[in-house]
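What follows is a set of notes on a single structure, which appears directly below.
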Amino acid sequence: MYDDVILVMRNRSGNEGKEGEIPDNASMWNILAGVCIYYPLSIGLTFFQKWFIKSYEFPLLVVTCHYAIKYFFAMIIRFVMEYRADRRTRISFKDQLQWLVPIGICASLDIGLSNWGLKYVTVSFFTMAKSSSILFMVTFALLLHLERWRPVLIISAGLITFGLFLFTWRSAQFELRGLLLIELAAACTGLRWTVSQIIMQGEEKLLKHPLDMVAYVQPWMFLAILPLFFMYEGSQLSFDKVTHYRNEHAPFYVLFFISFGGLLAFAMEMAEYLLLVYTSGITLNIFGIIKEVVTLSLAHFINGDYFSLVNTVGLLLCFSGMLLHAFSKRTLLKARTKSRMPDRRRLLTDVDA
């Protein structure tokens, strides 16, 4: 598989300049639409899940139900679209094993461990701990030759790591079990989005529509979370416990909150893949920083999360590292685009001659 990944990424080299160029009007509208849909949904889902899981003792059951809900809606919409238009994309089982299984497993563990970690930590702690996913993205990008090793990577990674250390230093919000769960989720995030970008932006474009991506990945996500779910929550399952919410028997409340969260997750994942199709990792990183600032601000004002001076310095160092990484890559891509311009002009001159 490693050789296949390298080959796909070499095929992408002809399109690398797009990340450093100004998108056309259609792409800009798609990007804006994706941002306006994804980030409110992402922030809203984080706070909603924290609120619900705080009083419900089965976070992995909630996530497992969300996967089933997302798959159900994706297949219903695909069926309607196929009935009214052309046949949707079909992926062979071999390609699914090669490309979608790694994404499904990583996405499943990412979401499952994140929800599990939210049970033990505050929203602000979760947000900052999860921001370390950029370190894992850089690591996997280097391993898969999507990035070249540069000194600025060491500096930005160091700023984020040290900033995260200061943010958690003697914090009243610190909880080791929650931190370990979230860091494992962050590692899964890094691998998940690295492979997803290969699939959705590569020359082969096995799956370029968000709906198809959601439909094909969910079954693997569902299968991946089942062992974890049965291992940690299976022995506690009973109808009475599953339908118990806030010390009351409330099956309709439980069903409603899980279904509502599943709908939010479905819409968010659609917008997430839409952004991955139309933007570069640079755009996602920059908007991600803005989203984290908003999330932390809301956590402070809504949930009363407290930051000491040392924690605040750590927060600023983390953001500085992420901004440095985004700025350096943007500069690199612009330089690559400019370096290709003389070759394009020379080619046009030769054709005219």
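Backbone N, Cα and C atoms are what each Cβ position is placed from, and that goes for glycine too.
A quick note: this is a predicted structure, and the numbers were derived from the prediction, not measured.
Listed in TrEMBL for this protein:
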- 35-324: domain 'Sugar phosphate transporter' (DOMAIN)
- 28-48: transmembrane segment (TRANSMEM)
- 60-79: transmembrane segment (TRANSMEM)
- 124-144: transmembrane segment (TRANSMEM)
- 151-172: transmembrane segment (TRANSMEM)
- 211-230: transmembrane segment (TRANSMEM)
- 250-268: transmembrane segment (TRANSMEM)
- 275-294: transmembrane segment (TRANSMEM)
- 306-327: transmembrane segment (TRANSMEM)
Practice item. Would you mind giving the whole-number mean pLDDT across the domain 'Sugar phosphate transporter' (35-324)? Key: 81
**Study point:** Candidate ranges 28-48, 60-79, 124-144, 211-230 - greatest C-beta contact count to the transmembrane segment (250-268) (under 8 angstroms)
**Key:** 60-79
Check your understanding: Residues of the same chain, at least six outside the transmembrane segment (28-48), with any C-beta under 8 angstroms of its C-beta?
Key -> 118, 123, 126-127, 260-261, 264-265, 267-268, 270-272, 274-275, 278-279, 283, 287, 290-291, 294-295, 298, 302
